[in-house]
Amino acid sequence: MSLLCVRVKRAKFQGSPDKFNTYVTLKVQNVKSTTVAVRGDQPSWEQDFMFEISRLDLGLSVEVWNKGLIWDTMVGTVWIALKTIRQSDEEGPGEWSTLEAETLMKDDEICGTKNPTPHKILLDTRFELPFDIPEEEARYWTYKLEQINALADDNEYSSQEESQRKPLPTAAAQCCHWTYLGWGEHQTFEDPDSAVDDRDSDYRSETSNSAPPPYHTTTQPNASVHQFPVPVRLPQQLFLQGSSHDSCNDSMQSYDLDYPERRALSPTSSSRYGSSCNVSQGSSLLSELDQYHEQDDDGRERDSIHSSHSYGSLSKDGQAGLGEQEKALEVTCESEKEKTGESKEMRDDATIHPPSDLVLHKDHVLGPQESLPEETASSPFTQARAHWFRAVTKVRLQLQEISDDGDPSLPQWLPEGPAGGLYGIDSMPDLRRKKPLPLVSDLSLVQSRKAGITSAMATRTSLKDEELKSHVYKKTLQALIYPISCTTPHNFEVWSATTPTYCYECEGLLWGLARQGMRCSECGVKCHEKCQDLLNADCLQRAAEKSSKHGAEDRTQNIIMAMKDRMKIRERNKPEIFEVIRDVFTVSKVAHVQQMKTVKQSVLDGTSKWSAKITITVVCAQGLQAKDKTGSSDPYVTVQVGKTKKRTKTIFGNLNPVWEEKFHFECHNSSDRIKVRVWDEDDDIKSRVKQRLKRESDDFLGQTIIEVRTLSGEMDVWYNLEKRTDKSAVSGAIRLQISVEIKGEEKVAPYHVQYTCLHENLFHYLTDIQGSGGVWIPEARGDDAWKVYFDETAQEIVDEFAMRYGIESIYQAMTHFACLSSKYMCPGVPAVMSTLLANINAYYAHTTASTNVSASDRFAASNFGKERFVKLLDQLHNSLRIDLSTYRNNFPAGSPERLQDLKSTVDLLTSITFFRMKVQELQSPPRASQVVKDCVKACLNSTYEYIFNNCHDLYSHQYQLQEQPLEEPGPSIRNLDFWPKLITLIVSIIEEDKNSYTPVLSQFPQELNVGKVSAEVMWHLFAQDMKYALEEHEKDRLCKSADYMNLHFKVKWLHNEYVRDLPALQGQVPEYPAWFEQFVLQWLDENEDVSLEFLRGALERDKKDGFQQTSEHALFSCSVVDVFTQLNQSFEIIRKLECPDPNILAHYMRRFAKTIGKVLMQYADILSKNFPAYCTKERLPCILMNNMQQLRVQLEKMFEAMGGKELDSEAADSLKELQVKLNTVLDELSMVFGNSFQVRIDECVRQMADILGQVRGTGNASPNARASVAQDADSVLRPLMDFLDGNLTLFATVCEKTVLKRVLKELWRVVMNTMERVIVLPPLTDQTGTQLILTAAKELSQLSKLKDHMVREETRNLTPKQCAVLDLALDTIKQYFHAGGNGLKKTFLEKSPDLQSLRYALSLYTQTTDTLIKTFVRSQTAQGAGVDDPVGEVSIQVDLFTHPGTGEHKVTVKVVAANDLKWQTAGMFRPFVEVTMVGPHQSDKKRKFTTKSKSNNWTPKYNETFHFLLGNEEGPEAYELQICVKDYCFAREDRVIGLAVMPLRDVAAKGSCACWCPLGRKIHMDETGMTILRILSQRSNDEVAREFVKLKSESRSTEEGS
């Protein structure tokens, strides 16, 4: 990228000078720049342009255009190939080029020109050289330094050499306080103007018809950084304004608002602050200094160049800034309190002050150990610096003294004030010492002031127009030496006219016979009583005029002496006024004294020697009153000067008439008035009658009275029409163009322009010279306080000038508003401007009932100029938006004064919006609230970017005493240290906005809350960065999960504290939980392992301590507490995350529920595994079961804490399932514990059985028998009760209530089952009973045992009394376990299956054998069903016949065959089938038949038929057939192969049945069957019972060889 510099110098045209008004356009690379227009055939522009060139194969196209009324015409064009342009750092004399008429095109690009014209243009084109300085130039600057050092020693400085130095034309010259912050690459813009445009491209005028400012305010594709002539400037994008007092000097300094044509000045008269500042011919002193630093002969690296032509400060590696070690550099100049040479500046138009201090790159400053090159100087460089500084200071002071003497010969580039000079070389602090960054609460954001409002709007041409200033100076003295406010009032007396007399004011007849009007006794003027207040001419002056005309010389002389005395008194009493006027206009004392004499004489001469020619053009009127019945009027105008009266033509039926009529008057009396009256012409009968009676027959529409003395030059003025009397109905305004040629003042500006000159110069003097840049803030109070602009003296000056020369108060206000616009950033100024604009708005917008002129029309009639004021407001609005976009910098929270200015600035914005809406009547101007909101957001965006990029340094400075060095100051995937710091800084920003700025910016409570906007913007930006960072972290996860959790908490706190309640985010599910979800799940995974490890440790500690109770009230041990303490702590972390996303929270709860399940089941498994070993101890098993119960209790609590019914269904189901599992484990532990008492309870029940067996007697119901039964029951229960008493008392003390009930239930079960098993129903498998019978039958040797058993069986069979005792004992045991409500519930005990089984068995004891057999047959319906592994099958046919008479039943059974018999034997296999009829009432009938045996046949055929006779007592459903296949054996019991059962109820319905019956290994029966079998087994004397027990107890015999 190359930098092309083009200087458009001048041109020579062939032709008449009058026909040329030319400007030049430059085009290169789609970028276009334009000069100002200059008249004449030899125009001189002398303007510089700079372009960034990326393609050298193109050319520069130069076009010269002549401005026309409708369109512009081309004079000629020049095309210069870029390859032909020289490279140089210095301007040359330029080259004359001939303009040609046509361009040559190739591939849509210009490649040349043709057809030469006689016109020529002088251009200087060059490419800037690279930053490295040639050795020749380095030697040149070294020589310069030696000269300066020599000058310092000789204490003199050559004025000739000084005069050769050109001023630095830079807008930065106004700035008196710059601050540089080393912000690195983040805030470095290529150009201050374009930077601001890029940042906020819509901060520009919303009014399309306003003239564009000289500086560009719009961006284009590929636009040059300099769309308009750009001065050489310091890299001010690296600067920051300092204090608010100083920063205001960076604002608008001057105006170009009065007349646009004054902007296009020649190089020698260019506005000091104009945008088209000319680049000086050669390098400025700043450039010299910078280049001096850059040169070095020993070849050290030139890391950075700080040239006056560079846009920024670029380091060697391409990054902007001061280097890595420097963080901040502030260079502050002296204030301008002692600018004594300012008057010199007023006279030297081309003089532009450079900044009084330099910001130098660190690398440019040689350290104390470094020295100059040997051939240059042998002394240390620091000494040279000291010489330099002393020399410059002395020269500057000398120049100030010369300037005070008024010698204009020397340039005034050196700034005023002590030590304000170029002390950048040696007086700079040591840059290696790091200065702290500003606090977050006072963040200074880099911004470049847009030049538009500083130059284009604020160029005060009146400060430079010496001719105008000289004239205004005289007029001001004239107005102040004999002010209107001090004029002698008329001495009116009631007067009677003897002849017809007319009013001097209204020219109406003084009606009446006597006392018709008023007459002044001094000057003799006569008028109506109502008109006396309208006469404001000075009585003394009028008397002098009248006397001189009538020859009363003595009287005239007396009056003149009186006026002289009045002026002397005025001069003596108010010397400060005239001193201020002299200082403002920088007039020497001698000239001032002479001028005072001249002015006094002109006042004394009065109007006697005064003469003027007045030309009045009545242009038009607006908003007139409707006087006719048609709702309109027929207006015409009369104009009267002195006694001469003229009228316009009549415009019929128009309330906005246009006349355009010109009248000429001669006036010889400066006290005369121009009376302009508007009339409605009437031609009806009423009008004709009035014409006979009155001089005024037409309707009065309004008037304006203009003092002739207020006229000057050429004026185009709107005047509001005034009433003549209170009864007048008047509205509207009239436009007059007045040209006045006063004798001796033929070529002067209008008084409005003169007033502007006075006001601006006064403002400049009081503010910039006397106030050192500060603006005086009036302290006036009251309705007219806004009309006070200066202190008492200056205010009197402008008021008297305005009063004498007819300047409207609204014009004064708008002029002062324009002046203040250049200082709008000074303390207190926004409030004054806001009040001023509010009153300007009120003046134009608040129409009265007497006028129907719209606000827009009234404003258009403003003498200030509609376009001018609109442009001023547009550019002010633009600058206010830019400043509000950096409100944290411009209005620090730590300054209450600046905060008040911030509030006033917003009020000013609101007033501008009101102006646009009500006065300009724009349809939809930008709402002030939205503008401020956008500005706040823009500032917050910049603030966030700054704190993000400087987070570590800011945090270290604000919150830590010592900075900790970081490997990576920004975000890192290796740690998370950056983010908490950033959150802290964000909070400080939000708090500052909330506490400091929200109360200030409170004008829009419904639309703008700065604290909330701050939180919203900060959160939005933070969320983007945080989300991206965590996505990167998720890939590697180099940090601990706890670190992520801690960050999650901080983010959550930030959101809940500041973001959650924001209106814009309400109702939305926050995103931040999703960023952390994977990290939280990772933490939960790790936490599960920690919890399991902790569980094992807790159990080990508990076991080591012997599972001691945690306290006397707590019945569980420490391990439960420890486990749930750890789980609760983990859950508390999850709960405190307060996850607002229900889906993510559900994921957390599911995962944590799994952790709870694993931990608790692990606990239960360990406890269950070791529990049997602890059952031998008394208390320990109870405590362990209590632990399990406490797990369940705590789990329920945790379930509720996790949400209860609101918990995620999957997590809730998981916890419910876990609760069931724990309940099952507790049941198992209770069962194990209950079973551990089995042996002891067995012993107790056996003792009970022995005692019960000794009970004798019958079971009758006599009282004695009942008492005996109760007593026996007590005796029987004593062994059991002794055991239970001791244990249950212990259990009640040690066990939790729930655990106690479970233990009681298990003991109850064990006791009931044991009593049933031991006392009531001994098991068949015991060595007693049936098994012994079967065994004895098989082995003859056991026959004696069988006999002994049978004897014992008689004793085991319970008698009715024993049953009664046992039944009563059961009731007692039941009451014992109920324990008066403290134990098991009665309903549970009653419905207990164990008790019911026992009682059922007891009830069966009293039933007969037939009844028991019948019950067995009916209840046991599945004895042979469900044979999974049949051992064969038998085919049988059954026929059932019932006798119709007797009801007896006959059953015929035919055994057909057997099939697939599974049997192994070593000997002979001889199977046969045994068929037995089972049922009641069979004792006297044949119950069993057998077939013949078949040898060695596994599928034998029998075909044998048997007949069973059944009684009629029972139906067939009470009987069943039992088929048994056996292997016949001689001399021993037959072996059982298989069994089958066929109930006759299945046959009864059909009457017959034929089927294959599968053979099972044994008979299946339920508890009822077993109980009946046990009871019948004890009836050893009953053959049927014995046979039934044997039959049902048979099972398949053991096979041989198996």
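From the backbone N, Cα and C atoms, a Cβ is placed for every residue, glycine too.
If you look up Swiss-Prot, you'll see Ser16, Ser307, Ser379 marked as phosphoserine. The compositional bias 'Basic and acidic residues' annotation in Swiss-Prot covers 196-205, 292-306, 324-351. Look at Swiss-Prot and you will find 206-223, 266-282 tagged as compositional bias 'Polar residues'. Here Swiss-Prot flags 489-539 as zinc finger. The annotation domain 'C2 2' is assigned in Swiss-Prot to 595-719 on the grounds of sequence analysis. Swiss-Prot lists Asp628, Asp680, Asp682, Asp699 with the feature Ca(2+) 2 binding site. The Ca(2+) 1 binding site annotation in Swiss-Prot covers Asp628, Asp634, Asp680, Asp682 and rests on sequence analysis. What Swiss-Prot records for 1275-1417 is domain 'MHD2'. Residues or ranges marked as domain 'C2 3' in Swiss-Prot (evidence: sequence analysis): 1430-1557.
Feature map: Swiss-Prot annotations on the structure.
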residue: Ser16; record: phosphoserine; DSSP (3 states): coil
residue: Asp628; record: Ca(2+) 2 binding site; DSSP (3 states): coil
residue: Asp634; record: Ca(2+) 1 binding site; DSSP (3 states): coil
residue: Asp680; record: Ca(2+) 2 binding site; DSSP (3 states): strand
residue: Asp699; record: Ca(2+) 2 binding site; DSSP (3 states): strand
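Ranking the binding-site residues Asp628, Asp634, Asp680, Asp682, Asp699 by the distance of their Cα atoms from the Cα of Ser16 (phosphoserine) places Asp634 first. Cα separation, Asp680 (Ca(2+) 2 binding site) to Asp634 (Ca(2+) 1 binding site), rounded: 5 Å.
Looking at Asp628 (Ca(2+) 2 binding site) and Asp634 (Ca(2+) 1 binding site), their Cα atoms lie 8 Å from each other. Note on the domain 'C2 2' (595-719): DSSP counts are 23 helix, 56 strand, 46 coil. Sorting the zinc finger (489-539) by DSSP state (H, G, I as helix; E, B as strand; all else coil) yields 7 helix, 12 strand, 32 coil. With a cut-off of 8 Å between CB atoms and residues at least 6 apart in sequence, the same chain places Lys627, Asp628, Asp634, Ser697, Asp698, Asp699 near Asp682 (Ca(2+) 2 binding site), listed in sequence order.
Taken together, the residues of the domain 'C2 3' (1430-1557) have an average pLDDT of 89. A simple way to gauge crowding: the CB of Asp634 (Ca(2+) 1 binding site) has 21 other CB atoms within 10 angstroms, across all the protein chains here. Cβ atoms within 8 Å of the centroid of the Cβ atoms of Asp628, Asp634, Asp680, Asp682 (the Ca(2+) 1 site) belong to the same-chain residues Lys627, Ser632, Ser633, Pro635, Glu681, Asp698, Asp699, site residues excluded. Across the range of the domain 'C2 3' (1430-1557), the DSSP-based residue counts are 7 helix, 65 strand, 56 coil.
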